[in-house]
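Trainee: The structure's right below; bear with me while I get my questions together.
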């Protein structure tokens, strides 16, 4: 089983505690995702002008990009309360009914991992989203009866990293659908600088940029790396983070300039050295790495593919010439004739 990685995009308890102090409250402070931000500003202003609950919102994209943060921002901009839960927590229809009946008019209900709702719970959610009503069964057997309960108008925000797992009936009930994209290094630099200022960390623009470029396009990773570099700087550099300090801290953490850690590099190296660069089936690759298939597909591969180091084909996984160069290896002539010489890893 893979231990928690410093560049993992999944949330930890430390992330949750730290995020609470640096989480933006307004759209103006929500950096990056400009198309989403501009659209949401219009939808929010229109709903407030009409005095109505905003339409239901589905937010999807890779983990760590700010889906939960955006839900908090939306509720703050609407001036309403936010109730937060997740799909696995809502086990029974009664659990969902309890949440819905406690909402005030125009409140926002945020359901993380909404793709993990059970079919029974989804059936209760459909009329709640469409008609602001739910049907609850009271009693058992022949004495059972259905009671219709009216709900106040509310906005449901569903978040998921696996939009393809949503059922069509549920997906179709969202009037607003937003995809969050990976952040650019420039956007992440602004996020790191903002977080450093809020946390009272002495960080130069060059130090912030170095942290940002190794953060895999993900704010959660950028903020986590900032905290680890802060630890290093407090012990080794009197609390001051500049470019050399950030680079030295990343060397200690074994996070290279592409944002890869040892597990990323081990996967690329295994494909090159054991499978001649691929293609190799995911099951064989998982066995060679002593990792679960799900870990490869959901945790390791997405960023390698997105950055152009790995290709997923019908015959299996293949590395690209970029992977050879990144590992300091010469690219085989049959794969990319005339390509350059190997580069430095760090």
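One-based numbering along the chain as shown.
From the backbone N, Cα and C atoms, a Cβ is placed for every residue, glycine too.
Got these off Swiss-Prot a minute ago, pasting:
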- 1-183: region 'Large ATPase domain (RuvB-L)' (REGION)
- 22, 23, 64, 67, 68, 69, 130, 131, 132, 173, 183, 220: ATP binding site (BINDING)
- 68: Mg(2+) binding site (BINDING)
- 184-254: region 'Small ATPAse domain (RuvB-S)' (REGION)
- 257-346: region 'Head domain (RuvB-H)' (REGION)
- 293, 312, 317: DNA binding site (BINDING)
Trainee: Among all protein chains shown, how many Cβ atoms are found within 10 Å of the Cβ of residue 293 (DNA binding site), not counting that one?
Mentor: 13
Trainee: What's the CA-CA gap between residue 317 (DNA binding site) and residue 64 (ATP binding site) in angstrom, rounded?
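Mentor: The separation of the Cα atoms works out to 25 Å.
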Trainee: On the Cα atoms of 22, 23, 64, 67, 68, 69, 130, 131, 132, 173, 183, 220, which are listed as binding ATP, what is the maximum pairwise distance in Å?
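Mentor: Comparing all Cα pairs, the maximum is 37 Å.
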Trainee: Would you count the other C-beta atoms found within 10 angstroms of the C-beta of residue 317 (DNA binding site) for me?
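Mentor: Taking every protein chain into account, the count is 24.
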Trainee: In the predicted model, what is the mean pLDDT computed over the region 'Small ATPAse domain (RuvB-S)' (184-254)?
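Mentor: Summarising the region 'Small ATPAse domain (RuvB-S)' (184-254) by its mean pLDDT gives 96.
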Trainee: Note the Cβ centroid of 293, 312, 317, the recorded DNA site, then list each other residue of that chain whose Cβ lies within 8 Å of it, in sequence.
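Mentor: So the extra residues in range turn out to be 281, 282, 285, 296, 297, 301, 316.
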Trainee: So among the binding-site residues 132, 183, who's got the most Cβ atoms within 10 Å?
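Mentor: Output for this query is 183.
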Trainee: Using residue 293 (DNA binding site) as the reference point, find which of the binding-site residues 22, 64, 132 has the shortest Cα-to-Cα distance to it.
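Mentor: For residue 293 (DNA binding site), the spatially nearest of the binding-site residues is 64.
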Trainee: Inside 10 Å of the Cβ of residue 64 (ATP binding site), count up the other Cβ atoms and send me the figure.
Mentor: 27
Trainee: What counts of helix, strand and coil residues does DSSP assign across the region 'Small ATPAse domain (RuvB-S)' (184-254)?
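Mentor: Per-class counts: 53 helix, 4 strand, 14 coil.
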